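Notes follow once the structure below has been shown.
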């Protein structure tokens, strides 16, 4: 029987990413794991609905044996079986992030025995999670360059706290994974400001994009009033398309926060990204660790190595025979991954 990997959910930033990465890697490598202290670093520790949905989705896709899969649980034991392609549908039952559930199971389906379609119902535009737009416009184009055939479609927008959204991804097994090198982003080609409004007055979006335009006069502007009963909700994004990649910065309107304050938050994040010579933003850096590790090669630059990034690297190195090296130079950090020496 494979050795059980023991993981401390309180390590590093102590959030749900440790669990999601462990589930992905366990399915792919066939190595079981035990985790204690799940989300110990959070105000409400243990499994929330979104995390529980990710566990149950992983369980269904690989026929795993699992203990501890209940709301509030801080311990989990997961013993995977073979990954099975097919049609899957999961409902979070709250506004928890569809994207984080998808990102847990999709890497395993890159290695499935056939094509798959995964549909998840819940939140599509959440704070502290990649939005559906980020997945479609930023992450998946980079995966395609690595040889991964995956396409996500936003079925319906879902905002916190109501949820009610849905997204579906069609994924084909990858024949092989290529590394990716993102050292410089190159020249900025296009900038687009977009406000999404669901049961929120149109003038809110107009004020948001007008404020962003003051920071980025060259930005194209787009205000989208969503229909179909989703909401209330408001998301403002700034998409920066460069020669080597696309980045997306998002902030969410909340009661008591002005449209101008939301726009200034997006502008601050985007300006901080553009002020650094690094190619990759802080959140995208987190999303690249797992695919690059599975490819066994690659490199990118990021302005700083966040606790989230370092925690994710530590988990990946427990499951895969790879080594990450981080080097600081010229006001940024270069992250490199390589396969471990077979003799080491």
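Backbone N, Cα and C define each Cβ position, glycine as well.
The local packing around residue 285 (ATP binding site), expressed as other Cβ atoms within 10 Å of its Cβ over all shown chains, amounts to 24. For 103, 283, 284, 285, 286, 287, the entry in Swiss-Prot reads ATP binding site, with the evidence type sequence analysis.
Within the same chain, residues at least six positions away from residue 308 (active site, tele-AMP-histidine intermediate) with a Cβ under 8 Å of its Cβ are 12, 13, 15, 17, 282, 286. Taken from Swiss-Prot, the feature active site, tele-AMP-histidine intermediate covers 308.
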Taking the Cβ of each of the binding-site residues and counting other Cβ atoms inside 10 Å, which one has the highest number: 103, 287?
103
In sequence order, what residues of the same chain, 6+ apart, have a Cβ less than 8 Å from the Cβ of residue 283 (ATP binding site)?
130, 134
Would you list, in sequence order, the residues of this chain other than 103, 283, 284, 285, 286, 287 that have their CB within 8 A of the centroid of the site's CB atoms, where the site is the one recorded for ATP?
130, 139, 282, 288, 289
Let's check the environment of residue 284 (ATP binding site): how many other CB atoms sit within 10 Å of its CB?
22
